[in-house]
Amino acid sequence: MEGAGYRVVFEKGGVYLHTSAKKYQDRDSLIAGVIRVVEKDNDVLLHWAPVEEAGDSTQILFSKKDSSGGDSCASEEEPTFDPGYEPDWAVISTVRPQLCHSEPTRGAEPSCPQGSWAFSVSLGELKSIRRSKPGLSWAYLVLVTQAGGSLPALHFHRGGTRALLRVLSRYLLLASSPQDSRLYLVFPHDSSALSNSFHHLQLFDQDSSNVVSRFLQDPYSTTFSSFSRVTNFFRGALQPQPEGAASDLPPPPDDEPEPGFEVISCVELGPRPTVERGPPVTEEEWARHVGPEGRLQQVPELKNRIFSGGLSPSLRREAWKFLLGYLSWEGTAEEHKAHIRKKTDEYFRMKLQWKSVSPEQERRNSLLHGYRSLIERDVSRTDRTNKFYEGPENPGLGLLNDILLTYCMYHFDLGYVQGMSDLLSPILYVIQNEVDAFWCFCGFMELVQGNFEESQETMKRQLGRLLLLLRVLDPLLCDFLDSQDSGSLCFCFRWLLIWFKREFPFPDVLRLWEVLWTGLPGPNLHLLVACAILDMERDTLMLSGFGSNEILKHINELTMKLSVEDVLTRAEALHRQLTACPELPHNVQEILGLAPPAEPHSPSPTASPLPLSPTRAPPTPPPSTDTAPQPDSSLEILPEEEDEGADS
């Protein structure tokens, strides 16, 4: 956008001011706006102005089921969006910010209703910029001026902090503070002035003019060859930060930051190795590992074979009991029989607990009634095209229902959460025994139960780890996703929640899960499976120039089109490529199980505004006689709702 004497070089919507509703009773607690970088009259200005919310553009909001919160994964506006699939955990709402396009002038009266909040500052007046900690929610930037005052914190609800910092770096030199990696000291892009500033502050041990001239002439090679790592940029050369650089800053707002805003070490990975998968383990091969007393022998070798080739279908019913921890790898045949008898008694005792509840008791137990209603609804829509569950009177549906209700008795704290029926269905299909399937399901839930906890911390942590792996493996793809407001990887949420159950054909899901259950070649292989899928689709995503809506649509249209063997081969190759890197960052080593985890940090006291997990079964009244048509999913599309309070 250009006008008389000014040119807009950067513009980003969805940038909010978070005001105090108690202090400003006549104003919204969230003020939507647009941030711009404007060249005007031989100066460069940073300008923020509020906008008016109007229109009918479509946004995709990932949210907890039956909730109204959070739009931190909102997409860019487009006139229409027809997903052509069933977007689980997606809310479709209609919001379009209407921008106030006016020439930014200092001291001018704003035309927007909330324009008293508008501001414009010359980049030369900036002293420092503080960014928020990495995470899975909104990011903010706090700008401090040379006079010591601070501008209102800018909250980027649709991403864009990195893009803004990249634009600012064209006009300023942003030096990461050695004391605080989230604090950038601002210096002008003038070689002599910058050298004098460095010399005066004694930031460099060596001649500062030489460093500055090399940086300005060739910033790329100077940054990577002289300073080696992005995270350590200027850290080894900078002396302790000048007093007052951080003291002028206000305390950071109580908001979670933008997804993945983390500068990691720049590592050079070696060539990706070639991987060949083996044939499935057969019954004859399995039998060779069974000793005289029925005890399995050479278990590590057997697990490695399962990892590299999977299991033949006829062997799964027996082998899955070991992979899921129902039977011990070290136990004898007699010990296994005794264990099964004990677990059978335990199962039916728990089943009797809910079976013996009378209708009158259930009416006074809203929690149990809520679980039962949710399970009945989900079971009727789980894998209904599979013959084992086909038809309303199919006994397989009854077994699904009974096992899930019994699990509520087994795990009172967790109960039933939508998505669990998707995890149980393949297990029951393979095991074909109610008791054995229940205990195998419990073993699987031990691995993934954190995905369904109401705190959502496990899902946030997994998405953060996935982003970290992807940034090491393919930083260009990460930058592209960031530029399209998809850097939080919300479109991968369903993959991780139910371990790709909806992405592959049913037989391929069985193969994928048994490989993942081996725990080889290390923990979090499912994250590398996600990286492998994105790696396979990177050219399509990047060369097609997809926006956030198209990325979401394309990812969901991959359902049932992926080859599990190709994905597993690529995931293993990615693992070998990472483990062969001698300078792999420690946090990546932790994810791959190559290094012990660091001391756990205290969880953030502020809950994320983005509900990332499906809804727990709520206490519900008895169902009415009128029922709406149900989609073919145990995780349904939320009805269209007003966006009221989504950003609060």
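Every residue, even glycine, has its Cβ placed from backbone N, Cα and C.
Note that the structure is predicted; figures quoted are calculated from it, not measured.
Per Swiss-Prot, region 'Required for interaction with OPTN' is recorded for 218-309, and the stated evidence type is experimental evidence.
Here Swiss-Prot flags 240-259 (among others) as region 'Disordered'.
The annotation domain 'Rab-GAP TBC' is assigned in Swiss-Prot to 310-520.
Sequence annotations record features per position, and here Swiss-Prot assigns site 'Arginine finger' to Arg377 based on similarity to another entry. Cβ contacts within 10 Å of Arg377 (site 'Arginine finger'), excluding its own Cβ and spanning all protein chains shown: 16.
Look at Swiss-Prot and you will find Gln418 tagged as site 'Glutamine finger', backed by similarity to another entry. Within 10 Å of the C-beta atom of Gln418 (site 'Glutamine finger') sit 26 other C-beta atoms, taking all shown protein chains into account.
Here Swiss-Prot flags 594-648 (among others) as region 'Disordered'.
Marked as compositional bias 'Pro residues' by Swiss-Prot: 597-624.
According to Swiss-Prot, the feature phosphoserine maps to Ser602 (among others).
Residues annotated as phosphoserine in Swiss-Prot, with a large-scale study or a structure entry given as evidence: Ser604 (among others).
Marked as phosphothreonine by Swiss-Prot: Thr606 (among others).
The annotation phosphoserine is assigned in Swiss-Prot to Ser608 (among others).
What Swiss-Prot records for Thr615 (among others) is phosphothreonine.
Sequence annotations record features per position, and here Swiss-Prot assigns compositional bias 'Low complexity' to 625-634.
In the three-state DSSP classification, Arg377 (site 'Arginine finger') falls within a helix. Secondary structure at Gln418 (site 'Glutamine finger'), as computed by DSSP, is coil. Rounded to the nearest whole angstrom, the C-alpha distance between Gln418 (site 'Glutamine finger') and Arg377 (site 'Arginine finger') is 10.
Summarising model confidence by region, the domain 'Rab-GAP TBC' (310-520) averages a pLDDT of 95.
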